[in-house]
Amino acid sequence: MQYKKSLVASALVTTSLAAYAPKDPWSTLTPSATYKGGITDYSSTFGIAVEPIATTASSKAKRAAAISQIGDGQIQATTKTTAAAVSQIGDGQIQATTKTKAAAVSQIGDGQIQATTKTTSAKTTAAAVSQIGDGQIQATTKTKAAAVSQIGDGQIQATTKTTAAAVSQIGDGQIQATTKTTAAAVSQIGDGQIQATTNTTVAPVSQITDGQIQATTLTSATIIPSPAPAPITNGTDPVTAETCKSSGTLEMNLKGGILTDGKGRIGSIVANRQFQFDGPPPQAGAIYAAGWSITPEGNLAIGDQDTFYQCLSGNFYNLYDEHIGTQCNAVHLQAIDLVNC
């Protein structure tokens, strides 16, 4: 697979020209193109699972991994997963693990979203991603089914080498997931970041006040019953995967092309090209804050693009809409219905 070889520095320079200033109408921060056949309104709450593009032709199961969110809104996911769900932490960031077989991405409190890498099959026993307080989303690596939680800053983190890991959310919105899990669920912390543990089989993740989402390691997984699919407001429902919803799981809503998390923060592509949740309004310098859709294939898209990149940051990955470095892998963010189990 061919990747774009752009430098982070050059990306920051070129994108800063159209960056969002706090007084600007952020709802107009949309890409110039739209995804053909994409759904811009979805009537049900849904999560996302990270599916590496190299393995999207593998299994198309009915149950996928949800991503959690931590408090800061960041979202992170694991790598080499089969079906890992990502959580969200408080800052809104989303992060996922690495070397998972199906890793879902979580969200932490600051709204950032991160997903795992090298995942194989999601949609059957997939992992949901959690959110931490800052909105970032992060996932672990080498998990087989790691769930990601959410911490207060919104970051989301998830594990790696997971088969079905759910990600939680922490307070900052970041999303992170664990690594080497088989089916770990991630919780949410206050900043929105989402983080998950490593070496877990199925570990549920909790949420801390900053929104970050973190999950334990060396846990085991359970089978999820199959409820009715979620309704949509236009077109044919493209979402064919589902996973159990738990505390801290990254929960998203799509209305009029605007993506929000469970705390009402805005899903955006920020100045460094990272996907996270902030605000409202989105953080200063944001590039896109609208123009989201679900593709006919069931993937999350921004504009006419449904390819995202999970880039290694320590023991987790952050999610970006562009290839920003050598340790980045192309992924799809698969939409999955969240059900009460």
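We count from 1, first residue shown onward.
Cβ coordinates are placed from backbone N, Cα and C, and glycine is handled just like the others.
Quantities reported herein were computed from a predicted structural model and do not represent experimental measurements.
The repeat 'PIR1/2/3 1' annotation in Swiss-Prot covers 64-82.
The repeat 'PIR1/2/3 2' annotation in Swiss-Prot covers 83-101.
Taken together, the residues of the repeat 'PIR1/2/3 3' (102-120) have an average pLDDT of 50. Residues annotated as repeat 'PIR1/2/3 3' in Swiss-Prot: 102-120.
The repeat 'PIR1/2/3 4' annotation in Swiss-Prot covers 126-144.
According to Swiss-Prot, the repeat 'PIR1/2/3 5' annotation covers 145-163.
The repeat 'PIR1/2/3 6' feature in Swiss-Prot is assigned to 164-182.
Under the heading repeat 'PIR1/2/3 7', Swiss-Prot lists 183-201.
If you look up Swiss-Prot, you'll see 202-220 marked as repeat 'PIR1/2/3 8'.
Positions annotated as signal peptide by Swiss-Prot: 1-18.
In three-state terms derived from DSSP, Q74 (site 'Covalent attachment to cell wall glycan') belongs to an extended strand segment. Swiss-Prot lists Q74 (among others) with the feature site 'Covalent attachment to cell wall glycan'.
What Swiss-Prot records for Q93 (among others) is site 'Covalent attachment to cell wall glycan'. With a 10 A radius on its CB, Q93 (site 'Covalent attachment to cell wall glycan') counts 63 other CB atoms from all the protein chains.
The site 'Covalent attachment to cell wall glycan' annotation in Swiss-Prot covers Q112 (among others) and rests on similarity to another entry.
If you look up Swiss-Prot, you'll see Q136 (among others) marked as site 'Covalent attachment to cell wall glycan', on the strength of similarity to another entry. Under the three-state DSSP scheme, Q136 (site 'Covalent attachment to cell wall glycan') falls in the strand class.
Taken from Swiss-Prot, the feature site 'Covalent attachment to cell wall glycan' applies to Q155 (among others).
Under the heading site 'Covalent attachment to cell wall glycan', Swiss-Prot lists Q174 (among others), citing similarity to another entry as support.
Per Swiss-Prot, the feature site 'Covalent attachment to cell wall glycan' maps to Q193 (among others).
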